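Here the structure is laid out as structure tokens; the discussion comes afterwards.
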Amino acid sequence: MAQQQHAVSPADKTWVDVQKKAFTRWANQFLAERRMKVEDIETGLSNGINLCNLLEIISSKSLGKINLKPTMRYHYLENNGRAVKFIKDEGLQLVGIGPEDIVDGKVKLILGLIWTLILRYQINMIGQGSPKWELLQWVNAQIAPYNVDKPVVNFTTNWCDGRVLSALCDSVQPGVLTPTDMSALTNDALQDLEKAMQTALDHFNIARLIDPEDMVNTPDELSLMTYLSAFRNYLSEEEHRKREELARKKRTADPAHCYAYGPGLERADTYQSADFTIVAKNYFDEELPTGGDQFEVTIAGPEGHIQPTVTDGGDGKYPVHYTVTKPGDYTITIKLRDEAIKNSPYTVHIDGPSAGHSVATGPGVEGAQTKKPAQFRVTSFNAQGQQIKTGGDKYEVQVEGPEAVPAPSLTDNQDGTFDGAYQVATPGRYVVKVTLDGEPIKGSPYGLLIEGARAALSFAEGPGLVGGQTTKPGVFTIHAYSPDGDRCTDGGDPFQVDIQGPAQVQPSITDNADGTYTVQYTPTEPGDYQVNVTLHGEPIKESPVTVFIKSSPDAGKSWAEGTGLVALVDTDMGHFVIHAVDKAGVQRTDGGDQFEVAIAAPNGDLPATVTDNGDGTYAVQFEPIVPGQYTIAVTFEGGAIQGAPFTVPCTEGTDYSASGFGVFSFTIQARDRRGDKKTFGGDKFTVDIAGPTGDASEVGEVQTNDNGDGTYTAVYALAGQKGDIFTILAKLNGHGVGTYKQNM
């Protein structure tokens, strides 16, 4: 909608322009709160929006709903009508102005309206008398200490040279602009006014409602009063602020005066509650009787940042509790509203155990027995080697070994010691790890032996520790005894048997579950063997033992000889000899071997007697009963010896009670190498006679005779049965000269 311009007489033009400028700036300093602005007070209020918002701001009241998008005149009138009504409702008297005057931009009426608002909401806020008179009185009181020419009597010409405004500006904050003798002024009115106005803006946030040129050339009373009232309001508000500030300081904790005290600011122990108290004091160093302050306490040190507990006691005191787990120096910072309190930060030494100095002692870390509590004690020491006298430390214990063991729990004795125990059923070497905050204590991990039996008290006995033969099991027994010297009655101890010798031997150990262990081993090569029995790496009593292992016969290389394996007579005993030979083909020279002889006769099995000659031979004797075919089996450990089984015929023999001797003779003719008969004697003549069984009783005495003429005669007697064959061997000088078979 087009704005109608209303003519202003030339005489009025100067003051109107000054007022328009001043009142426009005055309105804008409030409208800025809502990010609004009028370019010209004459036309900027026409739609009613800016005026309504200005009224709401300066009155702190609401005008209700207005048309925020007016497009027609009646919209403008409606908004401005609401504004005029609100002003009247506030008790202000408006003369000769209505909504249409604002819409039509009647500048003098609008300026009068704004002046009415200034009087009510700015100038009249302080006194009860004439606004002009009160303001003049206030100005003169303010500038009294300053060297100005004369008292101020108006708001026009008295302000043109800038001295009064400079004095007023400095009076708000003495020294900000000029000494009281006004020596800082330049005596250039425009420069001094410019400086005073800029100082007021910079230091007191008093808007420049008028320009220096206006004050020098065309001072306007209302404009200047509006501007100067801002100084009075500032001081009035400043006094209020000071009173409020004083009250605030009285009731508000001042970090510079607050302090803390208590042992928790001097020293503490790990895992123990450390306490101190914060005392709230105000600006005047007076203790506050109430709480409500938010003190910020931060604790930092080797453990990192610790979260304390701060309690508002409601009486101006704030108990603080904190607990740390790692010893060392900690910094405690106490702040209020991001400002450190008195003496903050504090450095506090926290005493506590050092993992590298704390120790564990007792059977549970040194050596224990199975099926009995393995007790131990952890003792806390600090880094200086001094024992800690308080508890709470978080030690952790792990036990590793042949048996899975739950982590032992510790009893805090509250004197720097912690007792623990665990129990295992399986003996062996265990490792106990004791840590403090993840760090191993001194000596950890601890390696220890948990015994069921004690090696030095246990022993072994049995034939397998005395001697043996190859391929034959050597057996002995281990007897377990506890560390207390008692015989163990159950098993589970990890005895180890190591046998070293000419050949590798793998022993077997059988746990009899009664405290004894049966050991069996089978050597394959002869020689000295060292038998070493250990428990947890320690030798048992009298271990190691050296055992000699002799060769066992090899059935396939052992053999037998004798008449009993060639021919038998049912009237004579059968005899033969077994020769034990080892696998290397070496004739055995000692006895002890279990050769077995089984004889199958025509009428059934025949028993045989085997005699150990102790020299590696075994004499076998048996008595055939009936003639016929005999089968003789000779075995060693199930294997047949060479040539076995033997098939031997048995003939009928002569009954000696019914038989006699036959006497026989023969003559030998000796010849020389040319075949000529010798004619003289002197040769050694011998005769060997063997009967069918080889028994000496079959041959009587043999008589030989050197006839001296180169012949030699032998006379002998034979005893046998019909059909028996005797073998006769004649020798001259040890050399056989002929064999003769003689039948009975």
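Here, residue 1 is simply the first one shown, and the rest follow in order.
Every residue, even glycine, has its Cβ placed from backbone N, Cα and C.
As given in TrEMBL:
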DOMAIN    17-122  domain 'Calponin-homology (CH)'
DOMAIN    129-236  domain 'Calponin-homology (CH)'
REPEAT    250-350  repeat 'Filamin'
REPEAT    350-450  repeat 'Filamin'
REPEAT    450-549  repeat 'Filamin'
REPEAT    550-650  repeat 'Filamin'
REPEAT    665-716  repeat 'Filamin'
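Per DSSP, the secondary structure of the repeat 'Filamin' (250-350) breaks down as 5 helix, 48 strand, 48 coil. Confidence annotation: the repeat 'Filamin' (250-350) carries a mean pLDDT of 94 in the model.
Residue counts for the repeat 'Filamin' (550-650) under DSSP (helix as H, G, I; strand as E, B; rest coil) come to 3 helix, 50 strand, 48 coil.
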